[in-house]
Amino acid sequence: MNSLSVYVILGLTTLMIQTTDSKGSPNIRVVLSVWPPGSTIYLRESVALRCSVEAGANYSWTYHWFRHTSHKLVTPNARHMISGDSYSITGVAKADGGSYWCQAERNGSTTPLLSDPAHLTVSELTPPSLAVIPNSLQHFQGERFSLQCPAVSESNSTESNSTDWTLWQLTDFGVRSGCQTLEGTVRKEVPGACSLSSLYSGLYWCESSKWRSNTVKITVSYGSMIIVGPAHPVTEGDQVTLHCRYWLHKPNLTTFYKDGVEVVLNVTEMTIDNVNGADEGFYKCAEPEEKLESPDSWLSVRRNSTSEERKTLSSEGTWIWVLLFCCFVVILLLIPVVMLLVRHYRLRMWCTRSCFSSKEGPPPGEAPQTTQDVTEVQWDLGWMEMANLLDKQQYPATAS
């Protein structure tokens with residue numbers, strides 16, 4: 001007999017499928033965890049999902065990941081990476097929201113275990129920022145770097161209150177929190193900063209009782225080359241500089257790549273002026289002759305709010321001018337139509353009055369009509385017709 005159990009531990013988004021044997025004793029549980037905890041993730045940050053099987057350590061397991069539906073396998077790409085029981089998303093985009101599942105299948109078994117879905121919602125709000133000192137996502141092994149939790153209090157004031165926050169770390173070895181637990185040193189000269197030795201690559205973030213910072217994915221390289229670039233998203237229009245660092249020596253030739261495509265040759269530094277959304281992607285540098293290359297580093301670009309406002313205002317202004325032009329054209333078209341209608345009405349009225357003023361008199365039952373004065377029709381008749389009418393009224397005998 002199988003039963004379903006859901007556990008909530010320290011606010012962690014943890015979903016468990018628990019199976020029991022016929023006696024009701026726990027057997028195997030599949031756990032899907034989201035890091036950082038919670039269902040809300042932020043644009044352009046990195047998140048991780050972990051799938052684990054409890055009470056099944058004696059077996060060898062194969063993991064599969066599903067997205068949107070429990071029957072659609074995830075297709076890995078540069079941003080969505082799968083490594084066994086781990087699923088990581090780099091540079092979260094709006095389209096990354098939705099439901100995710102993990103499935104654990106024991107080798108030799110025909111009955112896979114599917115977790116409940118983890119629902120992720122992408123927020124466009126800007127979270128408090130976790131600072132990286134020096135400003136780089138890649139560091140050589142053994143080098144020290146510092147992480148500084150946001151200098152804001154839980155009331156969201158601008159006063160420095162970094163002591164309210166706790167630094168968290170997620171690596172392949174598990175989750176830990178607290179600077180001392182991470183074998184770090186608190187930097188007294190920089191409030192809220194924790195100095196760490198580069199030993200393990202991992203995901204870092206800060207938490208308080210009410211807030212969470214953005215995440216930072218630090219890569220520790222045991223190779224001979226790294227690429228140094230901004231640890232946080234840059235704004236459209238900024239100037240961005242990427243450069244290579246070397247562990248032992250400086251190669252003669254260095255090439256920069258973006259998303260695996262060669263972009264710059266024979267330099268150690270690459271500058272992007274007026275950066276825009278098309279520049280977003282994975283960058284690395286390599287030395288082809290010695291077959292050296294750095295790990296990939298994600299460059300994230302956020303939209304310039306001022307530029308967006310200008311585009312919106314410009315678009316609105318354009319539509320206003322188009323509307324005014326259309327109104328002007330309509331008015332120009334209506335003027336001759338109205339003039340024709342007025343002329344037609346006045347000619348009709350004049351014709352009616354002329355018929356009633358004949359010698360035979362008005363039709364029976366109708367009131368007699370007075371003779372139309374020449375001034376009433378002078379604007380509706382041509383010059384020749386006006387002259388004939390004047391002759392008839394001034395010299396009736398001659399005209400007859």
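Any Cβ shown, glycine's included, is placed from N, Cα and C.
Here is what TrEMBL says about this protein:
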type: DOMAIN; residues: 26-121; note: domain 'Ig-like'
type: DOMAIN; residues: 128-219; note: domain 'Ig-like'
type: SIGNAL; residues: 1-24; note: signal peptide
type: TRANSMEM; residues: 319-342; note: transmembrane segment
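Counting residues per DSSP class in helix, strand and coil order gives 3 helix, 40 strand, 49 coil for the domain 'Ig-like' (128-219). Note: the domain 'Ig-like' (26-121) comprises 3 helix, 52 strand, 41 coil (DSSP; helix = H, G, I, strand = E, B).
Averaged over the domain 'Ig-like' (26-121), the predicted model has a pLDDT of 91.
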